[in-house]
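Positions annotated as ATP binding site by TrEMBL: GLU211, ARG218, ARG233, GLU262, PHE302, ARG380, LYS386. According to TrEMBL, the feature active site, N6-AMP-lysine intermediate maps to LYS213. What TrEMBL records for 302-420 is domain 'ATP-dependent DNA ligase family profile'.
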Amino acid sequence: MGRMLLARLADVSEQVAATSARSRKIAVLADLFAATPPAEVPLVIAYLAGRLPQGRIGIGWSTLKDPVAPAGHATLTVAGTDAALTALAGVAGAGSRTERRRLVRDLMAAATAPEQRFLVRLLAGEVRQGALDAIALEGVAQAAGAPPADVRRAVMLDGSLPRVATVLLAEGPAVLERFRLAVGTPVQPMLAHTAKSVADALAALGPCAVEEKLDGIRIQVHRSGDDVRIYTRSLDEITDRLPEVRGVARDVAGDAFILDGEVIALDGAGRPVPFQETASRVGSRVDVATAAAARPVSPVFFDLLALDGRALLDLPGHERHAELARLVPDPLRVRRTVVTDPADPGQRRAAEAFFAGTLDRGHEGVLVKALDAPYSAGRRGRSWLKVKPVHTLDLVVLAAEWGHGRRTGLLSNLHLGARAADGTFVMLGKTFKGLTDEMLRWQTDRLRELAVSDDGSTVTVRPELLVEIAYDGLQRSPRYPAGVTLRFARVVRHRPDKPAAQADTVERVVAGPQSRVV
Ligand SMILES: Nc1ncnc2c1ncn2[C@@H]1O[C@H](COP(=O)(O)OP(=O)(O)OP(=O)(O)O)[C@@H](O)[C@H]1O
């Protein structure tokens, strides 16, 4: 198996985008993976989904737009492209702009016309195959002759499709046996759907638990003997940033376990502080001791995924919770109430009262969880439903306008996009409301890092930063591509912890709880 040519990948990327038939996409990808040297599989998966392993490489749109005569023959390999991008990312210091321009030109000159198109889209952040990873998984399964469900399970236990795909394609389906739940290997967390009300959630789920929805950061805490490791929802390790959580995990009277929960900063009265403060505490790597003293955080656990060498994922929720309750003492466990019979008016009232009480205590809503449901790692399961009084959307910042007056020098008015089926983003409106001075400063720094162009009034960015938006409904507007825009959109907070691929979709906005167009 020779090295994979970039031309092949560019062609497949176009074919996948061009067809809406899922089975066709999978077949095209299966052919590609069957021809990919296993070591290059992670790169191929990343490029197809529009991710650069180097992260940001700091080249602007103007550099990418430089016309360079394309090569006549396809010789550029995927591995060669990666090496060129690594070199680009490493350029620093005086003259780096010129040097970067030169390297981009060299790369473009080695590329054929279709490869150039692909590279420009990849580097500008325009390759956005939102659902690509799910389809890539099926493509890999087909190429390896393995049942997709087995591959999915391995990925959810290992946390990494590229890693599973590499060994699967190299060694064959028998290797899937090797992926077992392991302390120290993070699992993709289970996510929730939305319900309009507690009553709807009870009706949909039957016997269930109603839990506080804490407005913090999702964490997964692994312990094996004295070794404690903490991971985010995107499976990044953040053990060193949360010494107090490590301490709590060490004190738990158990030896080997994986806990799922939320970390949150509470004030003296036990009420949550604004989300931004928890997020910046969890996000800060420098001088952790000072940050921890100034803004201590506490973990609150709501699930137990493994205990003493047993995987608990397939147990019904109430059994996992019973194990959790034995392992973790009360204040470290999420508050909840159980509804065994949703037809019983008394229990329904108790659930509503719990929801109201949770909001009174300053939390953002509740999660309603079916008692009999297993833990569907990595999925937005139908058995967890979240209910919040204010409906919000998670949208992607596509661009931002420089502010005026008090906001001069700050990026203010945000252009907001929802996810479309083809992985691109559709602009739904703009807002500069709800932003505090601190949020303005923070977003200006972050958006500058993501900038691809600046015409002096508007900065276009790579579509990577999510913002949570509250709004009062939809309004017809021929100026926006979906024909509607958001009424009174305002920023609730930034969501740097949530990947852009999980932004709300246009369909959901248009069909959602506030879809009535006025
Ligand atoms: N009791 C709880 N059970 C499960 N998740 C909880 C709980 N309390 C807070 N959460 C948080 O809520 C999230 C579940 O909502 P969802 O899966 O929709 O993710 P999300 O998009 O981050 O939600 P949102 O944007 O509403 O915060 C979890 O990822 C977790 O961080």
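Placement of Cβ uses the backbone N, Cα and C atoms for every residue, glycine included.
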- Would you mind giving the whole-number mean pLDDT across the domain 'ATP-dependent DNA ligase family profile' (302-420)? 94
- Task: Determine the Cβ neighbour count for the residue listed as 'active site, N6-AMP-lysine intermediate': the number of other Cβ atoms within 10 Å of its Cβ.
- Result: 22
- Query: When DSSP states are grouped into helix, strand and coil, how many residues of the domain 'ATP-dependent DNA ligase family profile' (302-420) land in each?
  - Reply: 33 helix, 49 strand, 37 coil
- Task: Please determine which of the binding-site residues listed here (ARG218, ARG380, LYS386) has the lowest count of neighbouring CB atoms within 10 Å.
- Result: ARG380
- Sort out the sequence-distant neighbours of GLU211 (ATP binding site) for me: same chain, 6+ apart, CB within less than 8 Å of its CB, listed by position. PHE302, VAL334, ARG335, ARG336, VAL366, LEU367, VAL368, LYS369
- Cβ neighbours within the same chain of ARG233 (ATP binding site) - under 8 Å, at least six residues apart: PRO189, ILE217, ARG218, GLN220, ASP497, LYS498
- Intrachain C-beta neighbours of GLU262 (ATP binding site), sequence separation six or more, cut-off 8 angstroms: LEU214, GLY216, ILE217, ARG218, ILE219, PRO299, VAL300, PHE302, VAL334
- Message: Give me the count of other Cβ atoms within 10 A of the Cβ belonging to PHE302 (ATP binding site).
- Response: 24
- Site diameter for ATP, Å, by largest Cα distance between GLU211, ARG218, ARG233, GLU262, PHE302, ARG380, LYS386: 19
- Item | Rounded Cα separation (Å) that holds between LYS213 (active site, N6-AMP-lysine intermediate) and ARG380 (ATP binding site) | 16
- DSSP three-state assignment for ARG233 (ATP binding site): coil
